[in-house]
Amino acid sequence: MTEYTPMIKQYLEIKDKYQDAFLFFRLGDFYEMFFEDALNASQILEITLTGREGGTKEKIPMCGVPYHSASGYIDTLIEKGYKVAICEQVEDPKTTKGMVKREVVQLISPGTVMDERGLKAKENNYIASLYCYEAKEYGFAYSDLSTGELKSTVIEASEDRLINELTTLSTRELIVSSSEKEVLSDVMKEQLGLTFSVHEEDTIPVENEKLVTRHMSLSEKRAIGKLLHYLKETQKRDLGHLQQAVHYETSNYMKMDYYSKRNLELAESIRGKGRQGTLLWLLDNTQTAMGGRMLKQWIDRPLIDRKKIIDRQNDVSELMAHFFERLELVENLKNVYDLERLAGRVAYGNVNARDLIQLRNSLYQIPRIRATLLSMSSESLTELANQLDPCEELTEKLEEAIMDSAPISIREGGIIKDGYNSQLDTYRDASRNGKTWIAELERKERELTGIKTMKVGFNRVFGYYIEVTRANTHLLPEGRYERKQTLTNAERYITPELKEKEKLILDAEEKSMELEYQLFSEVREMVKDYIERLQKLAKSVSEIDCLQSFADISEKNHFIRPTLSEDGSLHVKQGRHPVVEKVMGAQSYVANDCDLDENREILLITGPNMSGKSTYMRQVALTAICAQVGCFVPAEEAILPIFDQIFTRIGAADDLIAGQSTFMVEMLEARNAIVHATKDSLILFDEIGRGTATYDGMALAQAIIEYIHENVHAKTLFSTHYHELTDLEKELSGLQNIHVSAVEENGKVVFLHKIKEGPADKSYGIHVAELAELPKSLIERASRILEQLENDDKKIIIASVKQPEEVHEEVQLSMFPVEPEKKASSKETKLLKEIASMNIMQMTPMDAMNKLYELQSKIH
């Protein structure tokens, strides 16, 4: 058995309790890692791997980072989904005999980050917990530790529902029991980008019982208990900033699954996965970090309560009507600090003097914001204004105590104002007078010795000294000057008078800094008493910030106030896609109408690729979402229903569905929509059926349309390349054909991007291929095939189309060798017709590969 050194034994004992984390083991001025942690961390952090004697024949792998710069390394590990256990020396090595005692003082994980550098200002950092009750329902709770937010609900015991909730929140970490983790699918565990943490205890800690209300269900309480226990065990400190748990119902908000939100690019771009080009990016003119976070919450959960929507609309109208007051409001909001996260850091004991200065400056703005809102006539804005708590006593205390120029460090003085504490003033006077005396001493000594270059200096090692260049040392009188330090070109001395004064000055400075830190700590503790009030203030300021952002964006982009229909009808005149219009410019964007009602429930959209079908469909959904978050909408006129759900199937397979084909994903999403949609829902289906054989796809598309028409009655926009489906208008009374128009000019196609009634007369697919700059010979061949197919009622065999005489090189697109004179078999005819009808430009690489496999299987 290996006999490790005492220090390595101590390390291994602590590491055994934190197997799923990197253990940052404090040794002097470094955090060291050993064994496997060292091997892994050296690669991830790109730091040097060394070795240390530890009682074994070979050196133990070791790497380390300086403690004063450790936060950057910790952030890197957390960002990659790892956990870090911070193990500190809890005894003073100078006064301890033998091994210094060490303990883990905090476990930092992706869901428990508190350092500002590891957080994004306008994004929440959520950690969630799950409790499965008899496989019937999930108790679900989540918190943003940095703000103190704590919420809970009960959801159906369905992995889809759980994924929707986790992705809506952009959850970083999920706490589950070991048995719960076992039943979650590998796809969910591997593809969501979550850190899973196993924790079994799920009763409410005694000190946190006040955070839970009686009416909550058992599963909900257990989920909250699991979350609170985990936070208590990992953070190892008071979590007094956690707010009372708020129960919410997912049914109180418009429902959209993860795929719909991604397809509509509400808060995350499909292309770069950032905010650029999303609805959130467009609507965000918030001036505060907490306002930005609330705006994302609003967009993630649009309202379905008519009164709440109208209240927000009224506030936006009022703010738009008071331009100059709104400008003043914006200027005041710019000076408001992140009060939510400040309250969290106060609870953690992590605030410095500059944080308190920013808090004070923020509180200065509150009476001004309140006065501006009260000058308007909106009842809800007046109510918001009256909720603004200026915390006057706290403001006065901070004004009285903290210097404007206070440093970041809280242990080196310069924080507390003169006049705040008489004892501190006494120490400061002694220090300042002593320094004045030293300056006078330098002048006198120069006169006495005649050495004009003589100077009095100070450093932390030797204290005060008189420095004389070596060339002038012979001018010093004997007896008074005691040599203290020898330099290359100078000598440093001390005199009895300087030695005496040095003690007085240094004692005063030391006592001053000790007292100043004590006074600062008292002020910081006082701020703790205001945490709850600051959190409530932050919510009110955030709401005001979101509303002014809506007003500003609506005015700048010429949005109008929508009317909410009572009968479920939708009528939009000259609607625009808000994000596309912003990117393209208002002059370039082509606006379109949209009308849906009980007699016109389904719009079947045809038209060429690149003509704007998908953009049109998305703009209808985004218009509805803008309305239901309380913002104005991009249109000339708009009458909109309140949608309970939006379902979309737009674009290729999503990367969340690992191992599924595009067609399988298509069918799963179609099923999700037609099973869960109601007459109050909106469905957007783009090219359903394209991932399988032509006739299969057409049959499925028709069946889906008929099912929605006969059973669901949801408002539906259905785009298709199957022009045969346009005949459904004759059979289905609630279906209307529309198309995106295009014209040919000089043999070239021009997309007008204008929606018109009726079906498209042709698809212009070859023109799109030409725009994509496919080889000219290929385009010519496709044109001839198309012409022959149209002339022969689509019964032509590809290989039988003769090449014109002027074409000298044979261009053979068929995958199958066919003799020129030989007539194709019926099997070959079907295959060739299928190839001819393929819409190549609409296919993803995966679609094309699937199609090739399918065709190949039909040959053999």
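All positions are counted from 1 along the displayed chain.
Glycine too: its Cβ is placed from the backbone N, Cα and C atoms.
Listed in Swiss-Prot for this protein:
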type: BINDING; residues: GLY607, PRO608, ASN609, MET610, SER611, GLY612, LYS613, SER614; note: ATP binding site
Q: Fewest other Cβ atoms within 10 Å: which of the binding-site residues GLY607, GLY612 wins that one? Let me know.
A: GLY612
Q: Let me know the most crowded of the binding-site residues, choosing from PRO608, ASN609, SER611, SER614 and counting other Cβ atoms within 10 Å.
A: SER611
Q) For the binding-site residues MET610, LYS613, which Cβ has the most other Cβ atoms within 10 Å, all shown protein chains included? A) LYS613
Q) Relative to the mean position of the Cβ atoms of GLY607, PRO608, ASN609, MET610, SER611, GLY612, LYS613, SER614, the recorded ATP site, which additional same-chain residues have Cβ within 8 Å? A) VAL740, PHE751
Q) Where does GLY612 (ATP binding site) sit by DSSP, helix, strand or coil? A) coil
